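Feature annotations, reproduced from TrEMBL:
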DOMAIN    3-140  domain 'Nucleoside diphosphate kinase-like'
BINDING   LYS11, PHE59, ARG87, THR93, ARG104, ASN114  ATP binding site
ACT_SITE  HIS117  active site, pros-phosphohistidine intermediate
Amino acid sequence: MAIERTFSMIKPDATRRNLTGAITKMLEDAGLRVVASRRVWMSRRDAEGFYAVHKERPFFDELCEFMSSGPTVVQVLEGDNAIAKNREVMGATNPANADEGTIRKVHALSIGENSVHGSDAPETAAQEIRYWFSDTEIVG
Ligand code: CMP
């Protein structure tokens, strides 16, 4: 298996409920290592740029409003098969469809306020990491 890096966010619904540590522990328990981490209050522009791929979707406005409504913890995670592993531990986008024991099943409030984000493929992981971090901020 290949060592990979992926991008993760702990979203405002989770930081508001003081779940940064609880969620990070679930990631670490799944074998992922936090090699970069920063708490940011992103601007509406940051959110629109980050989620540009969704700009034609009906939920885009709501998504950008929510993501700029409070602090987010942006992270780079490293490990064997990190992209798939992170998606597995996050669970389905809609917490109603998430497997038992996943972050979204345990902590998410709704499809919009779903506590975490994780990259879905190597190309998006590289792009999303670059959006938030410079190489010198990532320490493996
Ligand atoms: P995320 O993995 O961050 O990627 C895009 C986000 O859009 C997704 O998680 C959800 O939080 C959000 N999203 C997807 N579908 C909807 C929806 N129908 N209504 C509101 N938000 C949504």
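Cβ atoms are placed via backbone N, Cα and C, with glycine included.
Heads up, TrEMBL stuff is auto-annotated, nobody curated it.
Averaged across the domain 'Nucleoside diphosphate kinase-like' (3-140), pLDDT in this predicted model comes to 98. Close contacts with ligand 1, defined as a Cβ under 6 Å from any of its atoms, occur at HIS117 among the recorded positions LYS11, ARG87, ARG104, HIS117.
When the binding-site residues LYS11, PHE59, ARG87, THR93 are screened for a C-alpha within 10 angstroms of the C-alpha of HIS117 (active site, pros-phosphohistidine intermediate), the residues that qualify, in sequence order, are LYS11, ARG87, THR93. By neighbour count, meaning other C-beta atoms within 10 Å, the densest spot among the binding-site residues THR93, ASN114 is ASN114. Counted with DSSP, the domain 'Nucleoside diphosphate kinase-like' (3-140) comes out as 64 helix, 28 strand, 46 coil. Remark: of the recorded positions ARG87, ARG104, HIS117, the most isolated position is ARG87 (fewest other Cβ atoms within 10 Å of its Cβ).
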